[in-house]
Amino acid sequence: MCGIVGAVAQRNITPILIEGLKRLEYRGYDSCGVALHVDGQLQRSRSTSRVADLESQIGTARLQGFTGIAHTRWATHGAPASHNAHPHFSPSSENARIALVHNGIIENHDELRSELQGLGYEFQSQTDTEVIAHLVDHMYNGDLFDTVQQAVKRLHGAYAIAVFAREEPHRVVAARQGSPLIVGLGEGENFVASDAMALAGTTDQIIYLEEGDVVDLQLGRVWIVDADGKPVEREVKTVHAHTGAAELGPYRHYMQKEIFEQPRVVGDTLEGVTGIMPELFGDNAYKIFKEIDRVLILACGTSYYAGVTAKYWIESLAKVPVNVEIASEYRYRDSVPNPNTLVVTISQSGETADTLAALKHARALGMTKTLTICNVATSAMVRECELSYITRAGVEVGVASTKAFTTQLAALFLLTLTLAQVNGHLTDEQEAQHLKQMRHLPVAIAAVLALEPQIMAWADEFARKENALFLGRGIHYPIALEGALKLKEISYIHAEAYPAGELKHGPLALVTDEMPVVTIAPNDQLLEKLKSNMQEVRARGGQLYVFADVDSRISSSDGVHVIRLPEHYGLLSPILHVAALQLLAYHTALARGTDVDKPRNLAKSVTVE
Ligand code: F6R
């Protein structure tokens with residue numbers, strides 16, 4: 001899940017490539033690099049720091065050119081070192097003929113590497129990408145477009161590549177299979193990128209390449225062939241891509257800003273919903289919702305936890321059985337398909353490779369009724385699903401998902417009510433009541449965010465710990481999972497979440513007076529059971545940090561720290577409790593001095609499996 005941008009133009013393209021890379025950093029930031037055609041030679045600059053560092057290197061070196069490619073990397077094969085940074089050259093010497101960038105994973109790279117070494121190619125990196133560069137060089141016949149079409153036939157796995165050749169100064173060739181790639185059309189200049197956002201401000205005329213496409217970019221023309229080598233016309237769309245990095249305003253990090261945007265974006269996501277209507281999900285939604293008798297939710301990470309929350313909601317209100325699967329598992333396991341299933345994918349980016357593959361797998365098994373809850377209207381996920389609900393979180397810059405998650409929950413609750421209505425389980429009175437509560441959500445979330453000073457005091461204590469447990473029950477169990485994920489991914493504290501009743505079946509062995517145990521304690525029907533679980537922790541010396549509702553009747557005492565959320569919010573309570581856990585993770589990470597918006601080893605969009 002790296003980011004690619006390339007251009008062929010009649011002006012210096014380095015500012016376009018650098019700006020594109022800045023917008024693509026969400027796809028990985030282990031290293032970055034640019035290669036340009038300069039006076040009949042290939043030249044490049046690479047950095048294991050951020051794009052801003054690459055920009056100043058390029059400025060110092062006065063690197064300029066009309067044709068080139070650029071890349072921001074999330075390491076798969078080979079450490080995040082400069083010799084593994086893209087673009088890769090072939091031959092690897094100063095006399096390079098081919099420059100290439102790649103997103104994806106080439107599964108037969110070992111075999112190809114041995115073959116190319118046998119032909120005398122020397123490798124400078126451990127990457128699978130360098131293999132493709134040498135392969136293209138080896139097969140080069142003076143026509144890069146033709147060569148790439150032949151070369152990609154040798155590749156097994158997923159790739160989006162962009163490549164140019166020393167001998168063809170006004171040409172960039174690109175290809176995709178399993179990784180996203182778009183073409184941007186300009187006046188006498190053309191571009192390629194991993195997504196339309198990378199080209200915002202340069203062009204809004206976008207072609208979404210399809211699986212197997214190979215594209216020839218020249219100054220005045222774009223020529224595409226499909227996987228069979230047949231010329232194809234792909235639709236040109238006008239895409240008003242967000243330019244991404246909004247101003248930070250009074251916030252220290254995007255994550256903090258995005259946490260505080262939640263009242264607004266949850267409101268935006270529900271804007272215009274004056275009643276429960278299947279059409280909110282697409283024209284054909286009523287018919288599809290009527291036909292299905294079960295739901296299969298496919299997602300990864302935080303989006304998966306949104307799905308688990310939805311399972312509790314849908315089974316309770318709509319009485320439809322729900323199965324929630326981690327996409328990377330589902331796509332490879334034997335399962336029992338049922339054509340009457342509504343397949344729901346949940347994805348912030350809409351480009352997550354595992355979720356897209358799981359969706360295709362479900363469809364291949366005959367489950368063709370598909371719906372996505374997604375934050376990017378132009379994404380592959382939305383294009384691939386028949387029905388959709390677009391959350392309106394806006395661009396999420398922080399790698400740790402916050403506002404995307406709560407808007408997913410808002411959309412999933414809407415889906416729950418819609419399925420309940422279609423199945424005759426929602427009276428007009430209940431509908432009105434739920435809608436009223438949903439309209440009040442922004443105010444309720446804002447009241448939780450006002451607890452920030454109290455949460456900051458806890459964060460200072462957490463920052464000194466290396467482990468933490470999170471407990472929840474019922475609809476708050478997935479919220480405990482999400483709270484633990486937030487803490488570990490940005491503060492690097494090891495955190496695990498359990499349904500509170502499960503503690504005594506093993507994890508209780510971990511509890512000592514050194515172990516902070518975050519407990520989500522809303523005033524619901526499981527509260528008394530939860531209180532018994534809390535006693536089990538206290539009896540072993542564990543330190544309880546309890547997020548209770550105002551009326552939970554839990555008081556602070558020795559080893560029991562309590563923060564009260566202002567109101568109990570019934571079925572929508574997970575949306576409030578998770579906001580408190582996001583703040584705890586954020587302030588703990590801040591106290592530990594980590595790179596909150598770009599935590600180590602991660603990327604915002606996971607487009608490799
Ligand atoms: C964690 C996080 C990830 C994503 C996951 C799926 O904070 O953001 O766990 O939720 O990678 O990504 P999407 O939602 O884009 O499919």
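Using N, Cα and C of the backbone, Cβ positions are placed for all residues, glycine too.
Values in this document were obtained by computation on a predicted structure and should not be read as measured data.
What TrEMBL annotates here:
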ACT_SITE  Cys2  active site, nucleophile
ACT_SITE  Lys604  active site, for Fru-6P isomerization activity
DOMAIN    2-220  domain 'Glutamine amidotransferase type-2'
DOMAIN    285-425  domain 'SIS'
DOMAIN    458-599  domain 'SIS'
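Residues of the domain 'SIS' (285-425) grouped by DSSP class, helix first, strand second and coil last, total 66 helix, 28 strand, 47 coil. Across the fold, the C-alpha of the residue listed as 'active site, nucleophile' and the C-alpha of the residue listed as 'active site, for Fru-6P isomerization activity' stand 10 Å from each other. In terms of DSSP helix, strand and coil, the domain 'SIS' (458-599) has 69 helix, 32 strand, 41 coil. DSSP classifies Cys2 (active site, nucleophile) as coil under the three-state reduction.
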